[in-house]
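Peer 1: In case it helps, Swiss-Prot gives these features for our protein:
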| type | residues | note |
| --- | --- | --- |
| BINDING | Gly11, Ala12, Gly13, His14, Ala15, Gly16, Val123, Ser178, Gln368 | FAD binding site |
| BINDING | 271-285 | NAD(+) binding site |
Amino acid sequence: MDFKYDVIVIGAGHAGCEAAAAAANLGSKTCLITMDMNKVAQMSCNPAVGGIAKGQIVREIDALGGYMGLVTDQTAIQFRILNRSKGPAMWSPRAQCDRNKFIWAWREILENIPNLHIWQDTVKEIIVENGEVVGLKTFWDVTFHARCIVLTAGTFLNGLMHVGKTQLPGGRMAEPASYKLTESIAKHGIEYGRMKTGTPVRIDGRSVHYELMDTQDGECDFHKFSFMNTSVRHLKQLQCWTCFTNEEAHNVLRNGLADSPLFNGQIQSIGPRYCPSIETKIVTFPDKEQHQLFLEPEGETTQELYLNGFSSSLPMEIQIEALKKIPAFKDLVIYRPGYAIEYDYFDPTQLKHTLESKKIKNLFFAGQVNGTTGYEEAGGQGIIAGINAHINCHGGEPFTLARDEAYIGVLIDDLVTKGVDEPYRMFTSRAEYRILLRMDDADMRLTERAYKLGLVKEDRYALLKSKREAVENIVNFTRNYSIKAALINDALENLGTTPLRQGCKLIDLINRPQITIENISEYVPAFKRELDKITDERKEEILEAAEILIKYEGYIGRERIIADKLARLESIKIKGKFDYDSLQSLSTEARQKLKKIDPETIAQASRIPGVSPSDINVLLVLSGR
């Protein structure tokens, strides 16, 4: 065999799969190294994809030509749109997936991508010559040669699991950790630290009293993750269930805190703020009498259930005893206990926006090794790292996404500019341009860029063009079509909105909250005929996109103006221009932070914590602005 590659990806989690697929689809000879081919894209925790802001990231991955959205649609067993009561900037898709089918769907994709080879092994060392990565060595004593390497090792780097006082080395339950690799990277001056995450018990569904729980059903409308997928749901759609903890369960948990690794000093690492363990919840919120739990199926052919909201590293017997105090779990049987895991991560401020290391040329980092948490955040980083690894091999301009282009852009900019002191999770609140970053228009924002890059093929690009044309036709029709008051007022009263005193444009009516494109079209024959011209299977998607553009035109325009103004600061390049230690007009903190991050632009400098507006003014003056 030939062990020489353009790009090697270490780790086949969600970041690694997207990175390897992107590099190979762009034409790089690529190798994906994983410990276990039967665990590619394993959902290590919750068997679900998407959620608030995370769903938008998956849509963006899909718009760029990635696969997470397609695999999710193919293996979803429940689909919902979250935040429907809010505006479209806040809508987020989420799906429960069949855990095992998700793995096999991804594996089928990977095994059929030209230029992509999978190797089952464990990497122990990267090879660096003259400040540039050139290869790696594995525990099978195989030496690989590579022009670029992407590290996507997840929680496996020196992973250590905790259940009560029991500690067990590993990257996941019953899977070995990866040793020596962190140290082989750190010896080249790259800083690293430790983080912690956790997962709940897995329950035997035959022991659950479902009649004592509330049901949570999915939705069966046109929404999906992939812009390519117009088919109905592939798998049988299943229910989830909800219930609450109670004071009896809390007392059991409190009595066990002395044996909790989180509270007895056994775990020193920082865990995810927005996904706390059940023991953290009862300590942080002592007055709260109950906490909601979600019981979620792991697949359509298994009894295994995931208990969302009950992550724990308490001793197994305490976890079981506490759960048995909840009526629905009074006869509880589990497949395995919850556990916590500590792992190594690398400070992401040591990376460029391409996710390439600033210290080792052609070495890229993506996913949980950068201090993030979540499959979606990992996948978003993975596709960007894979694209740029290919570009480093074959030439071209670096591919980055701005904060007004994508949640992926917000994510990466936050990582490389601000760094992390706890596992980073994406929220809509982290994006200052979230009206521009809606779930409905990820294809409009990103697919053309990916097409020019060569990652998006003709079929996807043709779908984008036809959708864009249809949406523009609808919006233009409503702008130009006039309606007389006498002909529409009866309809307006039927729709529960105020009659007109004089004629107006159709777009003005659609801007009313009671009016939608579909309900007003029933009373405007010319508009109905215009909509009937749309024979595309994606008609509902097209109508939704057009309606959002109409109803939120003012907000979108205002945010676009703000983004464009700030974009001017993005054009002022400062990397390598200043000796920050010598700039006494800057604050001490600003000098330290600017020296460490070495920002590319004035705009990036302005987002560094500790760099004040007055510091930015100093840099602008020194830049001749």
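Positions of Cβ are set from backbone N, Cα and C atoms, glycine also.
The structure displayed is predicted, hence computed values, not measured ones.
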Peer 1: Once the chains shown are all counted, how many other Cβ atoms turn up within 10 Å of the Cβ of Gly11 (FAD binding site)?
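Peer 2: The answer is 32 other Cβ atoms.
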Peer 1: Give the distance between the Cα atoms of Cys275 (NAD(+) binding site) and Gln368 (FAD binding site), rounded to the nearest whole Å.
Peer 2: 15
Peer 1: As a test of the contact definition, list every same-chain residue at least 6 positions from Phe285 (NAD(+) binding site) whose Cβ is closer than 8 Å to its Cβ.
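Peer 2: Listed in sequence order: His291.
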Peer 1: Where Gly271 (NAD(+) binding site) and Val123 (FAD binding site) are concerned, what is their Cα separation in Å, rounded?
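Peer 2: Distance between the two Cα atoms comes out at 26 Å.
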Peer 1: Does anything in the same chain, at least 6 positions from Ser277 (NAD(+) binding site), have a Cβ under 8 Å from its Cβ, and if so what?
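Peer 2: Correct list: Gly198, Leu262, Gly271, Ser311, Ser312, Ser313, Gly338, Ala340.
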Peer 1: Considering Cα atoms only, can you say which of Arg273, Glu279, Lys281, Val283 is the nearest neighbour of Gln368 (FAD binding site) among these binding-site residues?
Peer 2: Arg273
Peer 1: Which of the three DSSP-derived classes (helix, strand, coil) applies to Val123 (FAD binding site)?
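Peer 2: Assignment for Val123 (FAD binding site) reads strand.
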Peer 1: Would you identify which of the binding-site residues Arg273, Lys281 has the most other C-beta atoms lying within 10 angstroms of its C-beta?
Peer 2: Lys281
Peer 1: Return the residues near Val283 (NAD(+) binding site), defined as same-chain residues 6+ apart in sequence whose C-beta is under 8 angstroms from its C-beta, sorted by sequence, else 'none'.
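Peer 2: Spatial neighbours, sequence-distant, of Val283 (NAD(+) binding site): Leu257, Phe263.
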Peer 1: Which state, by DSSP, holds Val283 (NAD(+) binding site): helix, strand or coil?
Peer 2: helix
